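In TrEMBL this protein carries:
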type	residues	note
DOMAIN	111-506	domain 'Peptidase S8/S53'
ACT_SITE	120	active site, charge relay system
ACT_SITE	169	active site, charge relay system
DOMAIN	332-406	domain 'PA'
ACT_SITE	478	active site, charge relay system
DOMAIN	574-679	domain 'C5a peptidase/Subtilisin-like protease SBT2-like Fn3-like'
């Protein structure tokens, strides 16, 4: 795309500014308090972000020129899923794995002339490998610091450099893409970087979605051709505004690449936005085939070296040989209790779990231990984060497998001789080149084939701030994404070389998506599946590990290269037409073979969610119209693939099955061009709409009621509770009193876990006895686009995994929804009173809305209020005092002072319940076509149309003292089989709410 088209021309800018000036004038005219955060004047987005009174949002949404109102959702950057180690250079072996070494040495590609944007924590551009400077003529030649001096919340308008001297994540990402010195070379060492800093220096720093949008638009306007985003949210959905802006940028031709996430141990549906978007390339991770690490050396026979993580404290080992002992030998397996002085001067081995790493370290240090070695209690990597900088004992982690090996040695003796190597040792893991255990597993919430591809993310050595040592080895999909961004830069360099000054007609972003997926090779599972060596699921790897040499050399286009089959209950087949075009100037011949991949399920044969991942062999039947195809130069042919779901019996249900159509070159010219290309498919056995979202009432995962006080007490004592299970946690927290007096700070809390992502979850307060609907719980009674609860394994400390469960405090207020112009529903007849009928009754409803705009609110603001409550809630839980929550409650109730006239109108309008809202949302989803299974790819810039939420209005009401119960409903997923929306329902025990003062 021409850079001039990335910005508004002067006449367009004047029009946009004039509308914004009118908007600001009208805000003042209507007495609406506001503070403008940012203005957006771009071909992709025209609007403003602002801070205002929540109860004025409804009036703002009614302004003629306001198309839509969106909440400012917060995003958090954290290090808890990343494993950091000292390491040593290993990108050369990674380049060999990815075939980038050949592109550097033989083809001479280096990313020269290509502009890559990094939206992250900033960059230490003083690093020698990153050019040592900022500005024209430097490797980091552009950028912007969106956090500046404002405390890291993203309001800064100061034009300052994106310097990173605190976190290091953005520096590491930048080095993978473009580092260049005598012994360390990134993927595209001659590309230039624009770095946009959106995160502050604290690991708990949050930013809001308008800051992400600012960075995306700035990167787009600055002419970048690739944008890397190694961050994301916990949502499994990609329908928020920042994700849609990213999608539009991609459709304008800019390649968007994002990390898929690091929740692999949590099972299916673990990927996060924005990577789950259709126009964003979602990257999972494979482990490095070779890397370097300090190691724990066992001197007893047989001698062994075991990889250790970097110390979670700032202390170093003395490197001398010392005695090592087990914590379990002192009745302290997990190290969560105080040790006796018997461990003084020794290395102590303890098991991960039960209490915080900090607690283990403090207990070991107080007893005089020389070092703490924590062995993992589950497979895969783990990061250790200790924020207490007063702890001086070296504290490292080893893997579960290495821990078991060392435990075997202790079977023969009570102590062993150990030391830590001074330098690094070479590690060649079994998992090298295979899917990393931490890499998030898909599919998308609509059964999309996510992630799209794999890149190297396990144990990647790259640049780090000079003040922090200059280099670091880190694991995460955050490392895999920039590697693919570097390959994109090499590909664009070649495109520019081939096309010269010719104006291209194709969309580079779409073209790169196609070629990078086709040029990926599926990898096998690390462990045998049902005793067989089989490819990992498409839900784990997409089309597989990228072959960079193929990406640059391939001239065969395949569409589609990802086949989304959806759900199925019958054994009927689906016919898919695969279009293959030969863009070489010589004929090519391919043989096509079908290879199944592992199938995945988390449900038993009754359809009950089991909260663990099962793997099996379930093979679809694929009939091809031909198994061999020859294409002459520039010729296009269509192959028909008829795919039938698996028929073999397997325990469980809702199996996600998948596989590959592998195209292998067999002609005499195969040495000139790529030999192998890939098409993936993914589907699910069963009716997707019958999969439960809410756990059944008999499950330990079912919703339950507790109090804020119990929550505070539980997390205070978490370290002392031992290796508590999920069932024991629920039993400890569940309240059986069911009498809550708000003025005594007895705040009822509803706790909900979700077994699957949902488009909508509602909580209504129902009056016991009369069954009268008092409205939706305020402010968290209406929640949209929620992710599955990541509640597998240990119970995390407070705030470490906010998707472990959803916490909904009840503050004695409700939301009643009314529809001003009710649509005709095909499914239900409402009999509502329309706006016109009210006017005919002598009351002008529009005047009521205008005069009472502090009561009527646009429904979309509820998510914003919910996000505000989250901050207050976790602050109250952390402090152990409910005061902040009570203050929030007081302000909320003060918003409820409505006149009798408004109450009279409310009684005359038909109130919408959760089923009405579900109908409305699913109809909107169908209009947005989000459940479409079309394989067509559009390359034209477009934004999805808005759903008409302005017709639904929310009225905040105070709920009086009385006896009530909750009705929780959640929308089940929508599939191809049913194409209908079903809901799960949970009814709580009755409880008494006393709101008296």
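Placement of Cβ uses the backbone N, Cα and C atoms for every residue, glycine included.
The Cβ neighbour count for residue 120 (active site, charge relay system), using a 10 Å radius and every protein chain shown, is 28. Counted over every protein chain shown, other Cβ atoms within 10 Å are most numerous around 478 among the active-site residues 169, 478.
Cα of residue 120 (active site, charge relay system) to Cα of residue 169 (active site, charge relay system): a distance of 7 Å.
With respect to their backbone Cα atoms, residue 478 (active site, charge relay system) and residue 169 (active site, charge relay system) stand 9 Å from each other.
Counted with DSSP, the domain 'C5a peptidase/Subtilisin-like protease SBT2-like Fn3-like' (574-679) comes out as 3 helix, 64 strand, 39 coil. The DSSP breakdown of the domain 'PA' (332-406), given as helix, strand and coil counts, is 20 helix, 14 strand, 41 coil. Confidence annotation: the domain 'PA' (332-406) carries a mean pLDDT of 90 in the model.
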